[in-house]
Amino acid sequence: MQSIISIKGIEKTYAGGFRALKGVDLDIRRGEIFALLGPNGAGKTTLISIICGLVNATAGSISVDGHDIVRNYRQARATIGLVPQELHTDAFERVRDTVAFSRGLFGHAPDAALVERILRDLTLWDKRDAQIKELSGGMKRRVMIAKALAHEPRILFLDEPTAGVDVELRRDMWGLVRALRDTGVTIILTTHYIEEAEEMADRVGVINNGELVLVEDTSALMKKLGTKELTVLLAEPLAALPPELADWRLELNADGRELRYVFDRHADRTGIPSLLARLRDLGIAFTDLNTRQSSLEDIFVSLVSDRRPA
Amino acid sequence: MNIQRINARGIWSIYRFEMHRFKRTLWTGLAVPVITTSLYFVVFGTAIGSRMTEINGIDYGSFIVPGLMMLSLFNESIFNASFGIHMPRFTGTIYELLSAPLSAFETVLGFVGAAATKATIVALVILLTANLFVDVRVEHPFLMFAYLVLVAVTFCLFGFIIGIWAKGFEQLQIIPLLIVTPLTFLGGAFYSIDMLPEPWRTITLFNPVVYLINGFRWTFFGTADVAVGISLAATAAFLLACLVAIWWIFRTGYRLKA
């Protein structure tokens, strides 16, 4: 496995004594989409800020593409694009100028064609000569993404990319992230939206209280912890579960109007067809069926609560 | 491009960004020095100058020109440089500067270079404006310009420090208004310190601005209240102190990084 970012024993204690990170070790693979998942204040932004040079770590080391972020900060930073969580933009600069500025800041020669392509990809081309202050919040976020892409980074950090973003921008952003990944860009995003991690990421790292709780392939995580449940809405309430249904370990809910069946969705035999056949044999009529899959959210909540000191 | 040694494009980008900011306010930026210089000449030149025709054999109107230029140069340098670095801190766009492959030296070079350029231009505009009122002779034009640039760079470094130290826009004004302007007025911008009675003359010698103004005045008239060598040494000492402070700021991340 080839890692593009290697984080070793990173700790951060802020001046006030708050320990934001408590010894984080993490390897990011080249070309993957990695989601850093955690509640507010878990340490996601602090970790990203340390990698990008915005915050000094208290202890530990990080290398980016083999370059130590302190000793060889030029090489390390040159490969990184950062889109912070907050909307930090100039007010009076024009869209095209601010993107060109970012490119120059990272030491690249001007490239009008590239800037045009980035602006078109982000549907900012019509606004290229507008002052940033004239733009809406969503447009400003697009500008920040354009700035981060202006120096053709090999690694892109998106800190809460879709927080407070409309549906259209969210969809565009996901499309863009996938397109970038296809060109070999490694993407690290932080989020507290589980769906985002589930939908986008190859791997998920869960961070809570400054500790990395787990790192796992998204699909493996879902497989490992993912259960599914079937709810059968009955036509007539049952007083008790008939003994003939004991094999399925059902729950009788909602005053006997609902049967709940939890099963492993990856098992070869889910037991659903036989359950439905048995219900018919017993003359139990039902009006509706409902299945639900446990989301990363359920997994996350159970992980975080498991770790909470008793 | 090779950015291993020096990120020249990065420096140039900051410099251009800052110059572009000045260009947006070009007319007010130039009208202010022209109008204030004219006002000084109306007040000092006409009202006082008629009673005080000569200082050390120099026509009073000409005598105050270096002081006027220095006064504006101090204020412009501090204001441009402090605002330049304070603004990204205020808006949060500093994240981009901190995450860029730029050394502290390169960042400072971009900001201070642009601020010093503008301050120098303003000082030269004042010189041109003064020429409308009086004949200004400049004995050492090349040294005059070099000294102008040296002082501009020094005060821009000082302004850069203020811009990082300040917690808000009102704090940007404190040092220029409460320290630099009074020291300039008391530092012989409009008179020769030889005109002062003791002990004021001796006390005035502890005012660092005296050395800056007199060094600059020497490049105009070949004479000054203090030896030009001492003036240069004082300017260099201040420059060095600012450089050390900035080196410390970037080393510790003071008010830049958490």
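Any Cβ shown, glycine's included, is placed from N, Cα and C.
Unlike curated entries, TrEMBL annotations are predicted automatically.
Remember, it's a predicted structure, so these values are computed and weren't measured experimentally.
Over in TrEMBL, the protein carries these features:
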type     : residues  : note
DOMAIN   : B:24-253  : domain 'ABC transmembrane type-2'
TRANSMEM : B:26-48   : transmembrane segment
TRANSMEM : B:60-87   : transmembrane segment
TRANSMEM : B:107-130 : transmembrane segment
TRANSMEM : B:142-166 : transmembrane segment
TRANSMEM : B:172-191 : transmembrane segment
TRANSMEM : B:203-220 : transmembrane segment
TRANSMEM : B:226-250 : transmembrane segment
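Non-local neighbours of the transmembrane segment (B:203-220) in the same chain are 62-63, 65-67, 69-70, 74, 136-140, 143-144, 147-148, 151, 180, 183-184, 186-189, 193, 196, 226, 228, 230-232, 234-235, 238; each lies 6+ residues outside the stretch with a CB under 8 Å from one of its CB atoms. Counting Cβ pairs closer than 8 Å to the transmembrane segment (B:60-87), the top stretch among B:26-48, B:107-130, B:142-166, B:172-191, B:226-250 is B:142-166. The transmembrane segment (B:226-250) makes no contact with the transmembrane segment (B:26-48): fewer than 3 of their CB pairs lie within 8 A, with pairs spaced 6 or more apart in sequence. If one looks beyond the transmembrane segment (B:107-130) by at least 6 residues along the same chain, the residues whose Cβ comes under 8 Å of a Cβ in the stretch are 10-19, 22, 29-30, 33-34, 37-38, 41, 65, 68-70, 72-73, 76-77, 80-81, 84-85, 97, 136, 148-149, 152-153, 155-157, 159-160, 246, 250.
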